[in-house]
Structures are given as structure tokens and as C-alpha cells.
Amino acid sequence: MQEFLSLFLSKIIVVIAGLIPILNPLGATPIFLSLTNNYSSEERAILARRVAFFSFALLLFSMFIGTYVLDFFGVSIPIVRVCGGLLVASAGWKLLNSPENTGGASEPIGSAADHARRAAELQQRAFYPLAFPFTVGPGSITVAITLGVGIHGQDAHRVAVPLGSTLGVAALSAIIYVCYRYGDRMLKLIGSTGTVVFLRLSAFILLCLGAQIFWDGASGLAAEFLTLHPWQFAPTGQG
């Protein structure tokens with residue numbers, strides 16, 4: 001029993017400590033606000049709840065079977081980073097060049113068809129791009145896959161480690177929900193001009209993050225290439 005509790009608690013701590021610096025829910029809140037600045041407070045609350053749920057599902061999926069999926073399709077972690085970086089950078093560029101909107105007001109919803117269309121739009125945006133790749137991106141997925149190595153153990157590991165991992169991810173999802181749900185209150189404190197500056201700066205940071213993720217992936221691919229083909233870059237002897 002003592003071994004079970006030790007493994008259980010340590011796994012919760014390891015999962016939270018390993019993922020929260022990468023997820024950075026507090027730092028991601030400005031990006032969430034930038035992407036939802038034309039939604040009402042009620043719609044943001046719905047999105048925050050759904051993004052937290054999808055983030056929980058993505059992290060848990062990556063942790064438990066992510067390695068098997070990547071191996072099955074022959075996809076490497078650097079490739080995931082390159083593609084994810086392109087997605088993030090593209091979205092950041094679009095935000096930088098989008099019309100100014102200080103948020104807080106959504107489109108008027110009249111008929112039942114308009115309401116259904118708006119609900120479908122919220123459902124779609126909750127997963128892409130809000131949950132993936134902005135909240136749970138290539139870096140988070142990579143860390144989750146790494147934390148999931150050896151998760152299917154024996155004896156005490158069989159229950160304690162998967163259960164602790166699940167609760168750790170659940171705690172992270174709750175933190176994401178709280179940050180996103182109440183992030184709009186910060187906009188009310190800084191005013192309309194401050195909001196415009198804040199959202200544009202967030203978009204630029206998002207663009208930089210995408211470039212950094214892409215660079216990390218490209219560097220990993222270059223390192224793999226040099227490892228597999230060292231002879232192409234070996235110094236040649238002079239006659």
C-alpha cells in the first residue's frame with residue numbers, strides 16, 4: 001500500500017511539473033482571448049470548458065498511446081514540431097493582420113438556424129485551433145509522450161502510475177479552464193486601447209512561438225540527417 005501511494009503521488013507531481021511549464025495556461029490566456037475576441041463572455045465560458053476537456057483528452061491520448069500511433073505511421077517527433085510550428089506561426093500571422101476588435105460583443109443571434117450555426121462554430125473552434133495546437137501543442141504532446149513511456153507497468157505500477165497520470169492531467173485541465181474562463185476580466189481592467197495593444201502583442205508572441213517550434217523541429221531533423229549520413233559532411237583529405 002505504501003508503494004502504491006508513493007507511486008501514485010509521485011506520478012501526479014511529475015505529470016504536473018513536467019507539463020505545466022510547457023502548457024503555461026496563464027501565458028496562453030492572452031492567445032485564447034485574441035482568438036475569441038468576437039465572442040461574448042458566455043460563449044467564452046463554453047469554449048473554456050470545451051477546450052479544457054479536449055486538452056485533457058489530447059494529453060491523455062498522447063501519454064497512453066501516442067508512442068504507438070507515431071510508430072505506426074512512421075512519424076518522428078521533429079516532424080510533429082515542424083508541422084505544429086507552421087500551424088502556430090500561420091495563425092499568429094493571421095491575428096497580426098486581422099481587423100481590430102477589442103472583443104466583448106458577439107454577433108446578434110436571431111433565428112434558430114443562426115443559433116445552431118453559432119453552436120457548431122463554437123464546437124469546431126474549441127478543438128481547432130484553441131485546444132490544438134494553441135493550448136496543447138507539439139511541445140506538450142512530446143512531453144506527454146515522454147511521460148507515458150513505461151506507463152503500462154507491472155504489480156503496483158499497473159494501477160498507481162496510470163491513475164496518477166490521469167489525475168495529474170485532470171488537474172492541469174482544471175487550471176486551463178480557470179485561466180481561460182476568467183481571463184476576460186483582465187481586459188476590462190486595461191481598457192479598449194490597452195486591449196488592442198495587448199492582443200497585437202499576443203499575436204506577435206504567437207508568431208514567434210511558432211517560429212521557435214519550427215526551428216526546434218528543423219534542428220532535430222538536421223541532427224538526425226547528420227547522424228544517418230555523417231560521411232557526406234566528413235572532411236576530405238587533401239592530396
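All positions are counted from 1 along the displayed chain.
Even glycines carry a Cβ here, placed using N, Cα and C.
Whatever TrEMBL says is automated annotation, not expert-curated.
Under the heading transmembrane segment, TrEMBL lists 12-35 (among others).
Under the heading transmembrane segment, TrEMBL lists 47-69 (among others).
Packing against the transmembrane segment (75-96) from elsewhere in the chain are residues 34-35, 129, 133-134, 137-139, 141-142, 145, 199-200, 202-221, 224: each is 6 or more residues past its ends and has a CB under 8 Å from a CB in it. Annotated transmembrane segment per TrEMBL: 75-96 (among others), in sequence order.
The transmembrane segment annotation in TrEMBL covers 127-153 (among others).
Taken from TrEMBL, the feature transmembrane segment covers 159-180 (among others). Same-chain residues lying 6 or more positions outside the transmembrane segment (159-180) and placing a CB less than 8 Å from one of its CB atoms are 3-5, 7-16, 19-20, 23, 25-26, 28-29, 32, 44, 47-49, 51-53, 55-56, 59-60, 63-64, 135, 147-148, 150-153.
The feature transmembrane segment is assigned by TrEMBL to 192-215 (among others). Here the transmembrane segment (192-215) has Cβ contacts under 8 Å with residues 30-31, 33-34, 37, 81-82, 84-93, 95-96, 98, 100, 102-103, 134, 137-139 of the same chain, all six or more residues outside its ends.
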Residue list, the transmembrane segment (12-35) vs rest of chain: Cβ under 8 Å, 6 or more residues beyond ends. 47-48, 51, 55, 59, 63, 91, 95, 103, 125, 129-130, 134-136, 139-140, 143-144, 146-147, 164-165, 167-169, 171-172, 175-176, 178-180, 183-184, 186-187, 198-199, 201-203, 205-206
Given a Cβ distance threshold of under 8 angstroms, which distant residues of the chain, six or more beyond its ends, lie next to the transmembrane segment (127-153)? 14-15, 18-19, 22-23, 25, 28, 31-32, 35-36, 47, 50-51, 54-55, 58-59, 62-64, 66-67, 70, 77, 80-81, 83-85, 87-88, 91, 161-162, 165, 176, 206, 213, 217
